[in-house]
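Peer 1: Okay, these came from TrEMBL:
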TRANSMEM  82-105  transmembrane segment
DOMAIN    300-336  domain 'EGF-like'
DISULFID  Cys326-Cys335  disulfide bond
DOMAIN    432-468  domain 'EGF-like'
DISULFID  Cys436-Cys446  disulfide bond
DISULFID  Cys458-Cys467  disulfide bond
Amino acid sequence: MKNSSAKKVQDHHSGVGYPHCEEDHINHNADRYHVTYPTSTIPNRSCSSSSSMLRRPLSTNQFAHSHFQLRKSNSRQCSWKCTALAFIFVTVALTAALAFFLILLSPSWQQDANHACPLVEDVDLVVESTKAKAPAVTESPSSFKPSSASLSPSILSFTELVLGRRTEFQVAPYSHWIVQMRQKGPSLVRFNYTLPLGARLGVFGRRNQLPTHTRYSFLEILTTDGAKVLRTEKRLYSVEFIQFLERGLWYISAYNDGDQMLDVSFVTQSTDESSLTCPYDCHGHGRCVMGNCVCSPDFAGDSCAYRICPVLCSNRGEYIGGECVCSPGWKGKECQLREYECEKIDCNGHGECLEGSCRCFPGYKGSHCQTEKCDLDCGFQGHCENGQCLCSAGWSGAKCDQKLCDPRCKDNGQCRNGTCLCIQGWNGKHCTLEGCPKNCNNHGECVTGEDEEWMCFCDQHWDGQDCSVPLERKCDDNIDNDNDGLIDCSDSECCLAEKCRNHTLCQKSADPLDILLRKQPPAITASFFERMQFLIEEESLRNGSPRKIAINGSMFWNRYKKSRTSVIRGQVVGPSGSGIVGVRVGIDPASKTGSILTQESGWFDLLVNGGGAVKLHFQREPFLPQSVTVMVPWNEIVVVDKVTLQLQDRKKKLQEEDSKTVTCPDHDYDTMKPVVLATWKHGFQGGCPERSSVLAESQVIQESLLIPGTDLHLVYHSSRAGGYLSTIQLQLTPDSIPADLVLIHLRISIEGILFEKLFEADPAVKYTYAWNRRNVYRQKVYGVATATVYVGYEYRSCPKIIWEVQTTQVSGHDMSVSDIGGWNLDIHHKYNFHEGILQKGDGNNIYLKNKPKLLLTTMGDGQQRPLQCQRCNGLAKTQRLLAPVALASGPDGTIYVGDFNLIRKITPDGQVTTVVELSPAQVSYSYHLTVGPVDGHLYISDPEQHQILRTISIAESASSKNNTEAVVGSGEKCLPRDKDQCGDGRSAKDARLAYPKAPAVTESPSSFKPSSASLSPSILSFTELVLGRRTEFQVAPYSHWIVQMRQKGPSLVRFTSPIS
């Protein structure tokens, strides 16, 4: 059998010293020993070196030795034939020797002798190397030829590489491009390369000398296989690696291993050890240390991928039945101990080893003297040590059977087995919430309320949470007895007195509940307006409006749009916090919907048209008038915050306080936010009428009865019972909270009901809110209701409460389908057309509002209109468009379309009119539209004129030409580094804008528009930048784009921003 002359590369595991399984033995290519990570074959170049580096493979043929035995015999046996054969053999041998020396001295062998390439020990690599062709070398100044490796770096000039600055270059096919970088100190450096599709780049690095293919400090082979895509349209990919560079001058060479010119850009950045990753994350069988895997004892390899075959029973026994049966004289789990040795040589310091076993000292026990003798039963919350129980955290007592309370409990409570029992006047889990401040100031009694919490019940002439607010006692002496600035009947407390009962300032609206008691409940399928119209049917509830003559014919009733009506509900209080009676609450007089007066408690209920911002006006003598703007959606009861009327002009002071920027460094916006889960009835529940079951998520029991002789079922659901409550499960804080957190405020608003509760600062605070599925007027709510959850976090070091707001859906009442004593037939269904819910008799609900929407054409027929359109008004479906570029919607459902030079309005009844006509030369840039939520005016951004325009009138009779006015911008362009900051702090009309886009109008009269002007950061709102999330944006010419990022602590942050 012939022996191959090529040497096989020995597996690097064979040198470790571990026994290996035969099936796990892997032959590795010798190339892997030149670089850290797997690389591709690099084309070899001719380079001068000593011929001593050459070692040829052995010949594949070996000559067997022939043994000739010449036996002498008599002369008759040796003839001329024997002599001829001998001469023939000698001739052949001499010819072969001559041919061998001729081949050895040939030019091809001399060329191989001068070839200073790496030693090849693999037969396959020898064959491939003979087929390789020498690539072309670029003639550019920045290219580098391998033949010039002997040149000194001091006589060459290269581009200086700067950390953090992106460098772009081109590399010719099969050529080098070299830069130099000065490393000030040893550190980790990240190299981020941007390559086109199909690129193959070799990156060589060497300190203080030029790198070559064989001499380098590091080598990385970069390809686009599996790389991160940066831009799909340009087919660019991002590839990065990390290297540890010592101090010195580094030369970085990029080699283009392809036949096309290669456009490359890269950037270098300093980084830390946390950025180093190991291959395949060490397969979970080791630790990653500085980019290298430190394998567990049973694994080996660069990525800990190979399991080491265990030596069973230490070769001193047999492995039988899952355990070792040791040979005579040996013992232990792995037969690793002699019979006279102990497993724990020192017996854990509590004994001595005699004849192979531990003899324990007094007070200790166990096979290795590891357990202290202790007769105490410390339970599951402790252990015995030194004759006594050491308890776990949160437990105490001689036997660790007493649960501890929070340290805050000792101030105002007593701990009883982990429960803090509060003394009178204190509430909360840890008794830190004062329910009766200052013992009610001796003007009331401290009692427990409905929720079993302590509160003050004030005496007759006192009010307030702590009974510290005096009330007016004499209402006919023309004296301010309680020093609140209100005299006699102007004080709400006197409105119950006989003298002030009919006074003008004591007029009030009736309680809505009193009105509903005199009316029949609305139908199950009644609309929102039909359920709320009682608020305007009674003259005692709405004042300043004409008397109702006929619901369908009255002009007053026609002011309300039934499809978008909503209710605004709130309370008006004075400086002391008590409700004010008789405050007139109304909206814009142009709406002609009248106004209402607050009730005795200061609450009001106002029916308005929703869909936008509504500005409320509050008036009552002798208080100063006040206005509040509220965003009101369609068909909802909106609860506003308390409105406080003032006797002095504190408006300017309050505006200054609100304008101050509130920063709270202790609050983490990413983790400190509530988790809200509502158990509303999902569409997949039910649907199994043939069986009884429990619907765990909504906590509903389903009972099913088969009607004999039929395939029908009677189905009952406990959610249709009167006492069923819909719940919202809340987790207000995470498992870890800041030490500076003091209180958690909870507010839930649902169907006009306002629920408030206060919690102490604790990790993982959880609360379940239950709703009786009725609105604030005790009317049943059918379908699905929207609940708004407000969670406020109060810190010691923060001046204001940080609020988080979330909304969730909660299930209301279900309609009775079959009316069979709470049971339904599974084949009967009912449709709630107002809520878009199909309720089936088997308990399954189909929420059509959540189904995919149907896309319909509102305007246009696919053909373009002429530029000068004379007949562009009429039915929207029959009108054509030229080039629609912008859309906006109004509070009433009106749609505004920016159709090139015309801005057209589509009303809810399907009619289209032209509102604004712009010059064709004015719309060369894309403009944007928005509608003011308060005034309903249309705002247009004009980047050509550097202005924000507003429509003068949106009525159908208004002329479309010259129907705009400039509200922001003087028409001059804002240039970078303007000395006057482009007019900041001056009138909006005098400001200079660069490229205004997408104006956003707030509820207040002031508007904000994104532009490149240097606006004050305190009045702007920027996009929040989140670490690890890619952000994409466009920047106009000579403009800025700004984001904000909350940095929780000092750290290194990497910004990767490929720019096209």
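Quick reminder: no glycine exception, Cβ is built from N, Cα and C everywhere.
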Peer 1: State the count of C-beta atoms found within 10 angstroms of the C-beta of Cys436 (disulfide bond), not counting that atom itself.
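Peer 2: Step by step: centre on the Cβ of Cys436 (disulfide bond), count other Cβ atoms within 10 Å, giving 22.
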Peer 1: Average the pLDDT scores across the domain 'EGF-like' (432-468) and report the rounded value.
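Peer 2: That region's mean pLDDT is 90.
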Peer 1: Taking the Cβ of Cys467 (disulfide bond) as the reference point, list residues of the same chain whose Cβ is under 8 angstroms away and which are at least six residues distant in sequence.
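Peer 2: Expected: Cys440, Asn441, His443, Gly444, Cys456, Cys458, Asp459.
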Peer 1: Counting all other Cβ atoms within 10 Å across every protein chain shown, which of the disulfide-bonded residues Cys446, Cys458 scores highest?
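Peer 2: By the 10 Å Cβ neighbour count, Cys458 comes out on top.
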Peer 1: What's the number of neighbouring CB atoms sitting within 10 A of the CB on Cys335 (disulfide bond)?
Peer 2: 21
Peer 1: In Å, rounded, how far does the Cα of Cys335 (disulfide bond) sit from the Cα of Cys436 (disulfide bond)?
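Peer 2: Pair distance, Cα basis, whole Å: 74 Å.
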Peer 1: Whole-number Å only: compute the distance from the Cα of Cys446 (disulfide bond) to the Cα of Cys326 (disulfide bond).
Peer 2: 80
Peer 1: Just jot down the residues in the same chain as Cys326 (disulfide bond), at least 6 apart in sequence, with C-beta under 8 A of its C-beta; none if empty.
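Peer 2: In sequence order, Cys313, Arg316, Gly317, Gly332, Cys335 meet the Cβ cut-off.
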Peer 1: Tell me the residue counts in helix, strand and coil for the domain 'EGF-like' (432-468), as DSSP assigns them.
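Peer 2: Once the DSSP states are binned, the domain 'EGF-like' (432-468) shows 6 helix, 14 strand, 17 coil.
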Peer 1: In which DSSP state, out of helix, strand and coil, do we find Cys335 (disulfide bond)?
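Peer 2: Reduced to three states, the DSSP call for Cys335 (disulfide bond) is coil.
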